[in-house]
Amino acid sequence: MTSAVPYDPYDDLDNNPFAEPQEEDSEPAATTTDGSSSMSEERVGTEQTAASVQDNGTANNIQNGLGEEGNATRSKTSNEHNENQQPSQPSERVILPERSDEKKKYTLLAKVTGLERFGSATGKKENPTIIFDCSTNLPTFRKQQYKNVKKSYEEFHQLFKYLNVAIQESFVPTLPSAYTTFGINSEEDRMKVTRNFQLWFNRLSQDPLIIRNEEVAFFIESDFNTYTPINKSKSLASGLKRKTLKQLAPPYDEITELAEFRPLVKSIYVVSQSLQEKLLRVSRNRKMMVQEENAFGQDFVNLDEHNKLYRRYGKILTAVGDIDSIIATMDMATLYDGLEWIVRDAYAVKEALTNRHFIMRNLVQAQQNSKAKQEQARRFRSRRDINPMKIDEALRQLKAAAKNEQVLTLKLQRITSNMIIERKQWISWYEEWIRSSIKEFTLRKIEYERKKLTLLERVRSDIRKADENGGLSRLGRHAVSNNNSDTSQTLKGDSWTGESNRKSQIPINKIAHTEFDDELFTEDDGYNSQDSDTTSLNARHAASLLGMSTK
């Protein structure tokens, strides 16, 4: 009579008297990438919950792979039971407690109050001192208010380098440039650098992962020009290894938003660099043209002995050349400098997404390693004369591989969840910044082009007097008065475009009066007064001579 239960030849493998008991407790796996955050205590409870759930699932998988296999009915029942006990995916509250904790809303507010430049010429340009006030409710700070905090640009750079490597979940905003094309001694440079650092602080304070890092507290509370990163951070890959890994095809990314985001950021990076090169070339050519315009105007000034109109016209041409030089500088200071910040930030975002690809590739390797350890353990089960020590070693390796896979899985989930949120924030910042840069570039260009028009209108009446018909005979505008010397920029609008919009008197005065009015009018008035005195003296002398001749 045969038994209804099939015979299992490996049923006695689990009765190993030398095997160590299975440990049910496990360490939390969902840790931050930097390992130095001072806010980790508040995440321990939630992370241990998620880690224990996944550890139990991992232990069940190990036991299912190496535990005894009963008959077909028992195995089917156990599989159904395991499917019912399958752990669920951790929620966003578990993965990112910094963003989901509504009870603890930590803030960090900073207001830039000044900018100082001292030291050598290189130090003044590349290492200015930023002065700011700070208020916060973070527990990592010793107090809530900080006044007149002074930090050099080099200290800001040290902080950025640490945060960019330590916090792999975030797109750490890059520092603005330490100087602008306006020149370090100009008021425009001071105002723009101050405004850019204020924008940088605003972006930094919007990221809860950054402000909760204890290195930010060390930075603000340290003395002036003494800060160096306290904690150490190590990049995933650098140097030749990083260049080699970037040549490989990126792993499959099931998150469509991030899979399409990196090519977009790279295209922004490449296009912005191309625009910078073209703007630089245009600016250089314009400055070469300015030299020719100044030489051309000086040649007319040298002809003043023939007619005073040449002197006035030459001075106007020289002033027009100077305005073209200002326009070339404004193009660089507005649009070129704006694109420079976009290039830096796009590169940092692109490298952060590349680090995520490295973690995805490490996770794939960890999954393959875990599967190989499971296959090795199953092969050990098929042998009856296997050494129990080898079985224990295989179990330990399998558990270590499963734990490594679990750590990388939670790490990737944390990075992915936070990058999806910051993707929208970065795109909105990029659109707003490029819009403001183009607006400033356009308004400055219009302003100085109108000033150039105002200068040319100064000699319009003199040039028309050179023609008996007023210089308008070939244009067919006979109704226009020959003595019209009014400027085209009025409160009613621009007469060249036919617009009749109401405008403020302040911008009209700014356009109708240029930086060269004092020089032009002073020299012209002096020339006219000297010329009139000479003319009157010659008339008296002529009259006296005529009177003497009649006697």
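Keep in mind that glycine also has a Cβ here, set from the backbone N, Cα and C atoms.
Values in this document were obtained by computation on a predicted structure and should not be read as measured data.
Looking at S170, S325, S544, Swiss-Prot tags one of them with phosphoserine, and that residue is S544. When the ranges 224-250, 359-385 are checked against Swiss-Prot, the one recorded as coiled coil is 359-385.
Helix, strand and coil content of the domain 'PX' (108-227), in residues and according to DSSP, is 51 helix, 25 strand, 44 coil.
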